[in-house]
Structure formats: structure tokens, C-alpha cells
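Taken straight from TrEMBL:
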| type | residues | note |
| --- | --- | --- |
| TRANSMEM | 33-56 | transmembrane segment |
| TRANSMEM | 76-97 | transmembrane segment |
| TRANSMEM | 109-128 | transmembrane segment |
| TRANSMEM | 140-160 | transmembrane segment |
| TRANSMEM | 203-223 | transmembrane segment |
| TRANSMEM | 259-278 | transmembrane segment |
| TRANSMEM | 414-436 | transmembrane segment |
| TRANSMEM | 448-467 | transmembrane segment |
| TRANSMEM | 479-499 | transmembrane segment |
| TRANSMEM | 579-598 | transmembrane segment |
Amino acid sequence: MPYRARDERARPVTTQIQKPWQSSLGVSASVSVLNLVAFLLHSSASIVFLVFLNATQPFLIAQLDGKHGGEVGNRQGSLSGTLVFADESLSIFLALIWGSLADVIGTKYVAVIGYCFISIALFTYTFAQNAWPQLLYCRLIFAVGGSSVTAMLTGILNSYSATFSEVRQRTSVEDIATETEALLGDRSNTGRGRPKKQSHGRLAALAGLTTGFGALLAVFVLLRLPTILAGIHDQKDKFSSSNQKSHDDEAIRQGTKEAFYIVAILALLVAAALSFGLKMDAPSSKLVSGRHTPSPEELNASNLNITQASTREARRQRLRSRLQRRTEAGSWSNFFSGVQKLAKGVLAGFRLAGKDGNLPLAYIGGGLARASTIATTVFIPVLVTRFFYSSGLCSDLSTPDVPNEELKKRCRQAFTVASILSGVIQLVALLLAPLIGYLCDAFTPSSTLFLVSLVGTISYLVMGTALPNDGDPRTPVAWVAAVGIGFAQIGVIVASLALCARGKANIAEQSIKSAQAPEDDAPTNEDIADDAGVSVPIEAEQSSSGAIAGAYSATGGLSILLVSKLGGLLSDLYAPAPFLLMSGLAAVVTLASLTVMIKEKRKQRIE
């Protein structure tokens with residue numbers, strides 16, 4: 001009888017079984033409640049510090065320029081944009097490196113290191129003496145940490161997601177329980193549906209929801225700190241200075257500096273919390289060619305249980321184990337092995353895209369998701385401002401291209417309309433995150449991405465070209481389009497994250513199947529390891545999370561640079577051009593989603 005065909009019931013089961021809450025969220029059985037809470041903390045914190053810095057940076061530039069008697073109004077907008085552009089440019093390359101490093105040391109440590117860099121960057125902002133070039137150096141340090149925590153949001157989600165083997169094992173356990181209940185006469189649960197697919201959407205939706213709460217925390221709490229602290233200093237020292245104006249300026253500068261101190265300390269606290277709470281997912285150093293090298297005790301146990309294993313094969317396996325232990329004993333060998341793996345993993349996420357169609361779709365969906373933030377924060381205020389300028393509703397506007405702070409002073413009505421439209425988009429995105437997660441699990445992430453990108457295609461087109469009264473953003477059509485943009489924005493975020501997790505699980509499943517395929521009927525080294533009751537982790541199952549996260553984040557960074565620069569240039573030629581560009585990108589994602597959906601249907605029919 002072939003060696004692989006023996007009774008599988010004799011083999012010990014070592015894989016953990018998912019608990020009900022883990023199964024409902026689609027997380028691995030190895031993820032604890034503490035791990036999940038830490039992940040949600042990371043989801044919120046990953047956006048908090050970015051929102052805080054982007055909002056306070058123009059204010060800080062104005063303070064430094066005013067301190068040295070510079071032209072505040074002319075430099076504030078252009079220099080702030082230059083700093084953001086430098087941040088995104090560096091983050092594209094760093095995301096790939098962080099993703100590869102996560103596959104070597106684990107997503108947990110990469111995330112913790114990222115928050116440490118964010119804390120250092122925020123501290124350095126308080127020592128800047130001029131806006132250029134010192135703020136550039138500070139922003140680049142922030143980019144090192146920001147790219148890490150952004151990439152690890154996807155990486156941790158991938159590593160926390162349940163594998164196909166865990167889903168199948170829980171299904172088999174439920175089937176056994178159902179059959180037992182039927183034999184005992186309880187037929188109330190007989191024939192209940194089996195979980196035939198993984199639930200990646202709910203965890204992705206939870207991440208999107210907590211990210212939204214993080215943005216709200218930054219806006220309503222952290223951004224108020226400079227003003228609150230300045231008010232405290234003003235109350236303490238209001239009688240100590242004869243020059244009230246210089247006293248107020250100094251109080252604002254001191255309050256801003258202390259706010260940066262507080263937020264920097266907060267980043268360190270987040271790093272400490274994640275170091276204790278996140279699950280360690282680094283691949284074991286004992287992984288050799290995708291298989292776990294069994295210890296001598298495991299080999300002895302296997303020799304007792306397997307009568308068909310030849311003495312010669314067991315002897316060979318012991319020799320290989322000794323050689324492997326000698327190799328692992330050398331620290332230099334481990335160091336160079338890690339460096340080689342880091343170098344190979346930089347572009348591994350893009351190479352993995354050729355193995356599963358969900359990954360390239362996830363990457364372009366993530367690009368659309370990041371580009372949507374530019375549409376909300378940049379293009380909509382520009383659209384509103386140009387309407388008020390061209391219609392003559394704001395006579396104080398000398399040009400339609402003014403920063404938000406200037407718009408707030410010169411045309412309060414235009415600023416209010418732009419803020420409300422952006423607020424509607426963000427509110428809809430926050431409220432509909434659970435719905436998107438449900439749709440991803442009820443159907444598939446690719447079909448959900450098809451729906452939301454189609455809605456985005458129509459909504460961006462309407463916002464740019466179909467508003468009545470010569471493009472009046474105050475009409476009901478504009479509000480409906482804003483709701484559609486919000487739905488599309490959160491939809492592509494959640495669906496693309498779910499696609500990343502699904503693609504990683506599919507690749508791991510392919511690796512497991514190829515590794516378990518018998519080459520002949522003779523007992524092999526892997527058979528001995530399997531029958532020792534040792535789980536056989538495949539390296540791809542563990543080590544692809546970081547590579548996929550790096551490629552996903554790098555694609556998003558590229559889309560931001562493309563849309564911000566190209567959209568800005570086209571906007572000077574034709575005002576609605578940025579929305580036509582966004583509509584075109586959404587249409588590309590729609591067609592790509594449709595292609596993946598068709599392939600999935602064909603695959604299901606064949607199976």
C-alpha cells in the first residue's frame with residue numbers, strides 16, 4: 001500500500017481550531033483578543049500622526065517664516081506641498097524595504113520601529129529653526145516611520161487572516177458535531193450551511209472603521225492641542241509682557257512645540273503597547289525549503305509510530321538535522337542569510353502577483369483608494385473655490401487657487417461648502433465600512449470592488465461634469481455625488497485589503513498542495529516529519545505578508561504622486577479634469593474587477 005495512503009486517523013492533530021469569534025471575523029486561531037485589540041490600536045494610530053502633521057505643518061511653516069521675517073503667504077502652501085511630495089516619494093521605496101524586512105523579522109517589530117521613527121521625527125520638528133531645509137529633514141525622518149506603519153497595516157491584516165486549512169478544519173469539526181447531534185436525535189442543526197469560504201472582509205472593515213476613528217481623534221483632539229496649550233500660557237503670562245502681540249506669538253509657538261512633544265510621547269506609548277500586544281509572526285529559523293526540520297525527539301517518536309520508515313532514511317534524516325543545527329549555530333551565517341532574504345524580498349510582492357489574480361487587483365484597488373484621499377482633500381476644495389470665483393460670489397478672491405487657510409479668511413461661504421462636502425464623504429465612508437465588509441464576505445472581494453468602483457466611476461463623473469447651474473456644488477446633485485464618492489472610497493479600501501488577505505491565503509494554499517504532493521511511494525523525510533505530529537508550516541504562508549504589504553503601499557504611493565501632479569496640471573487646463581481622471585482610474589479598476597470575477601466563475605464551474 002502506498003505510504004501516503006495509510007490511515008490518516010493515526011496522525012496527531014496539532015493545528016489550533018478557530019473559536020467562534022475568530023471564525024466570524026476570519027482571523028487565525030493563533031490570534032488572541034489582545035492581539036486583535038493591538039491591531040485595532042495600530043489601525044487607528046497609523047492615521048492619527050499623519051493627519052496631525054499634515055494639518056499642523058503649514059501652521060508651523062508660517063511660524064518659522066514669521067519668526068525670521070519671511071514671506072508667510074507665498075511659501076506656506078508651496079513649501080508644505082513640497083514636503084508632502086518628498087515624503088511620498090521616499091515612502092514608495094521604503095514601503096518595499098519595510099515589507100521585505102517584515103518577512104525577515106516579523107510585522108510586529110517593523111511596526112514598533114516605525115512608531116519609534118515617528119516619535120523621533122515629531123521631536124525633531126520642535127528643534128527646527130527655519131522652514132527650509134530643516135523641516136525637509138524632519139519630514140523625511142517621519143516618512144521612514146510613516147511608510148512602515150502604513151505598510152504594516154496591510155501586513156498585519158494578512159498575517160492575522162485565517163488560512164484555508166484552518167477554515168477546513170473548523171468546517172470538519174462542525175460537521176462531526178452536526179453528525180453526532182443527528183445520531184443522538186437532535187436534528188435541529190442538521191444540514192446547516194458550511195463555511196465554504198474565508199471571511200476576510202469583516203477584519204478589513206474593522207480596520208477601515210478604526211482608521212476613521214483615528215482620523216476623528218486627530219481632528220477633534222490632537223489638532224486642538226496647540227491652541228489649548230497656547231491659551232494656558234497666555235493666561236499665565238498675560239501681565240508679564242508689555243508687547244501683547246509678541247507675547248501672543250510666543251505663546252502660540254510654545255503651545256505648538258509642547259503639542260509636538262505630547263504627540264511624540266503618544267507615538268512612543270503606541271510603540272510600547274504594540275510590542276506587547278501584537279502577535280509575533282516571523283518565520284521560524286528552522287524553516288528549510290519551506291519545511292520545518294524536526295528535532296531528534298520528534299524523529300524518535302516518528303520512528304516508533306512508523307513501521308514502514310526504513311532505518312536508512314531515518315539515519316539520513318538525523319544526519320541532515322545535525323548539519324542543519326551546525327549551520328544555524330553560526331551567527332554570521334544567519335546574518336548573511338537574512339540580508340539575502342531582505343534583498344530578494346524587496347520586489348517579491350510584485351512577483352507574487354503573477355501567482356494569484358487577487359493580488360494585482362488588490363494593488364490597483366489600493367492605488368485608487370489612496371488617490372481618492374487626494375480627490376477629497378484637494379480637488380473638491382479647488383472645484384468649490386473656482387465656482388465661487390467664476391460666479392462672482394466671492395469678490396475678495398483675487399485667484400481661485402488659494403490655500404484653505406486663505407479661503408477661510410477671504411470667502412467663508414466657499415470654505416464652508418467645501419468642508420461640508422468633504423465631511424459628507426468622510427462620514428459616509430465611516431458609516432458604511434461594516435456594510436462593505438459584509439458584502440466582501442457575502443459575495444467576494446472582487447465582486448464588491450466591482451460594485452464600489454463602478455459607483456465611484458459614475459460619482460466622480462457627475463461631480464466633475466454634471467452639476468447643474470454651471471457646476472454649482474451647493475445643489476442636491478453634488479451631495480448625492482459626494483455620498484457616492486464616500487461609498488466608493490471606503491469600498492475600495494476594504495475590498496482591496498480583503499483581496500490582499502485572500503491572495504496571500506491562496507498562495508499559501510498552493511504552496512501547501514505542491515509541498516504535499518507525493519513524488520513516489522517511498523517514505524520521505526517530510527513523511528517522517530509529518531507523522532511525528534509536527535505541523536509543517538510552509539514558508540510562503542508566513543513570509544509573504546510583508547512583501548504583499550510593501551507592494552500594496554508602494555502602489556498607493558505611486559498613485560498619489562501621479563494623481564496629485566497630473567491632476568494639478570490638468571486642472572489648470574480644464575477645471576473638472578481631476579474628476580475625469582479619477583473617474584477613468586475607477587473605470588480601470590471596474591474592468592479589472594470584472595475580469596477577475598469572470599475567471600473566478602469559470603474556475604468554480606471547472607471544480
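Any Cβ shown, glycine's included, is placed from N, Cα and C.
Here the transmembrane segment (203-223) does not lie next to the transmembrane segment (76-97) in space: the count of CB pairs under 8 Å, restricted to residues six or more apart, is fewer than 3. In summary, the transmembrane segment (259-278) does not lie against the transmembrane segment (76-97): fewer than three C-beta pairs, each 6 or more positions apart in sequence, are under 8 Å. By the Cβ criterion (under 8 Å, sequence separation of 6 or more), the transmembrane segment (414-436) is not in contact with the transmembrane segment (140-160), since fewer than 3 such pairs are found. The stretch from 76-97, 109-128, 140-160, 479-499 that makes the most Cβ contacts under 8 Å with the transmembrane segment (33-56) is 140-160.
Through the fold, the transmembrane segment (140-160) approaches residues 27-28, 31, 35-36, 39, 42-43, 45-46, 49-50, 53, 86-88, 90-91, 94-95, 98-99, 102, 107-108, 110-111, 113-122, 124, 203-204, 207, 211, 267, 278-279, 281, 366, 497, 500-501, 504, 542, 544-546, 548-550, 552-553, 557 of its own chain, all at least 6 residues removed from its boundaries and within a Cβ separation under 8 Å.
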